[in-house]
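The structure under discussion appears below in the form of structure tokens.
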Amino acid sequence: MTNTEYEDIDVHEDLTDSQKSEVLLEMLPWLQEFAGSLVVIKYGGNAMVSEELRACFAQDMVFLRQLGLHPVIVHGGGPQINEMLHALGIESRFKAGLRVTDEETMNVVRMVLTGKVSRELVGLINSYGPYAVGLSGEDGGLFSAAQRMPIVDGHSVDVGYVGDVVSVDTRAVDDLIASHRIPVVSSVAPDEEDATQVLNVNADTAAAALAIALGARKLIILTDVEGLYANWPDKDSLVGEIGAETLRDMMPELESGMRPKMEACVRAIDGGVGEAHIIDGRKKHSILNEIFTTAGIGTMVAKGEGMQLRKKAKTQ
Ligand SMILES: Nc1ncnc2c1ncn2[C@@H]1O[C@H](COP(=O)(O)OP(=O)(O)O)[C@@H](O)[C@H]1O
Ligand SMILES: CC(=O)N[C@@H](CCC(=O)OP(=O)(O)O)C(=O)O
């Protein structure tokens, strides 16, 4: 190795040799615990905010695969859809956290998710190792959806071509996992009543449905906050752990952005997924911190009742 190459490597001078060893040793039991496990990761559009963060995410996916886990990604792209709609002079409207989707908007959603966000993510992961393969809920009959009518102020409202996943045929994803690929799934799904009509599925909802159907060990949702705040926006109320029953009771009071996310976590737990996590996608390598450290990060949703706030870290 030449000196020039050596200078290019980040040698983490801020850690002593013994601290580096401690970090590696802390990973060991978690590596043993999760080797061979299937983990569904929902990568939200708001967690894709910088080139550096996107690169770290891509690197983490390849790292997980090399360590023997099976990562399956469901990506979002809300802000990217908003941007494209704005460029086309179309207004973005949401009800209960779901995009009001007419035919014109549906075309833009499909184009941005499958034609832009998925392509860029697959390309970036493959720059670290040629494992990622993109597919949408339309491919190989992966998802079938029915129109979703969210409840607003006690009434169900029509938000247009918005769907909820009603069935999942995992075979296309199973094949990719069996060949050690990293599936990258876009949340667009055919209507169960007319497969030529596509529906816009919230990516958190799609990730939960896929995690349940695949029997995932964990569902990890990356977003743009540290986790769920019990008393939003009070930053001292970050939840460390919460039971699905307690979360279900909290649901009506949650604001729109968090609502589909928390519904997805509760559904995942009800459907047999071991744990669901909401973590901060704005922090580099947050997934590695969640899976391979004892304290974990963000909010964990598990079976049962109760809630514990997260203790403040001594150093950041
Ligand atoms: N109780 C809460 N805890 C944390 N965030 C909340 C809460 N209620 C509302 N939010 C908002 O939800 C947002 C995350 O939802 P959203 O913007 O839809 O994320 P994503 O694009 O990752 O799916 C946060 O940035 C925050 O503004
Ligand atoms: C029905 C609905 O709201 N669909 C979402 C799909 C993308 C998504 O969920 O993206 P994020 O995870 O980045 O929010 C939308 O149109 O924005």
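Yeah, the Cβs are placed from backbone N, Cα and C, and that goes for glycine too.
No curator has checked TrEMBL annotations; they are predicted automatically.
What TrEMBL says about this one:
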type	residues	note
BINDING	GLY77, GLY78, ARG99, ASN200	substrate binding site
DOMAIN	38-280	domain 'Aspartate/glutamate/uridylate kinase'
SITE	LYS42	site 'Transition state stabilizer'
SITE	LYS261	site 'Transition state stabilizer'
When you measure from the Cβ of GLY78 (substrate binding site), how many other Cβ atoms are you left with inside 10 Å?
21
Here are the recorded positions: LYS42, ARG99. Which has the lowest count of other Cβ atoms within 10 Å?
ARG99
Spatial separation of LYS42 (site 'Transition state stabilizer') from GLY77 (substrate binding site) - C-alpha basis, Å:
11
Sequence-distant neighbours of LYS261 (site 'Transition state stabilizer') in its chain (C-beta under 8 A, six or more apart):
ASP204, ILE221, THR223, ILE278
Pairwise C-alpha maximum, in angstrom, for the residues (GLY77, GLY78, ARG99, ASN200) that bind substrate according to the record:
12
To the nearest whole angstrom, what is the C-alpha distance linking LYS42 (site 'Transition state stabilizer') and GLY78 (substrate binding site)?
13
Could you tell me which of the binding-site residues GLY77, GLY78, ASN200 have their C-beta within a distance under 6 angstroms of some atom of ligand 1?
GLY78
